[in-house]
Amino acid sequence: MASTVVAVGLTIAAAGFAGRYVLQAMKHVEPQVKQVFQSLPKSAFGGGYYRGGFEPKMTKREAALILGVSPTANKGKIRDAHRRIMLLNHPDKGGSPYIAAKINEAKDLLEGQAKK
């Protein structure tokens, strides 16, 4: 029993010293890490998403971007994409009513122009 307590105490002390060493080492490495992140291109962090607001009148391109489908997608793909996005952003589950309205508008616009 006593040897277990000693082993636990030594482990906690070793973890404390290791944590202190890591924190001190981070102070010396921090400027280098900042420099590396500043040298990376801006597109490395958010380039995969559309970075703009909504247009006053929704276009076919904008509707396709909202649903994440091709502008020439068929009705089945449009419905699947709409369902997937609305499950994530439904107003009854805490989603934005404005975004939900835009998603529905995008579906209506693309379905009106899509083929079966």
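Using the three backbone atoms N, Cα and C, a Cβ is placed for every residue, glycine included.
Here Swiss-Prot flags 62-116 as domain 'J'.
What Swiss-Prot records for Ala2 is N-acetylalanine. Counted within 10 Å of its Cβ, the other Cβ atoms near Ala2 (N-acetylalanine) come to 6, all protein chains included.
Residue density at Ser39 (phosphoserine): 7 other Cβ atoms are found within 10 A of its Cβ, drawing on all protein chains shown. The feature phosphoserine is assigned by Swiss-Prot to Ser39 (among others), with similarity to another entry given as support.
Taking Cβ-Cβ distances under 8 Å and a sequence separation of 6 or more, the neighbours of Ser70 (phosphoserine) in its chain are Ala64, Lys77. Per Swiss-Prot, the feature phosphoserine maps to Ser70 (among others).
The topological domain 'Mitochondrial matrix' feature in Swiss-Prot is assigned to 25-116; the stated evidence is sequence analysis.
Here Swiss-Prot flags 4-24 as transmembrane segment.
Distance from the CA of Ala2 (N-acetylalanine) to the CA of Ser39 (phosphoserine) is 54 Å.
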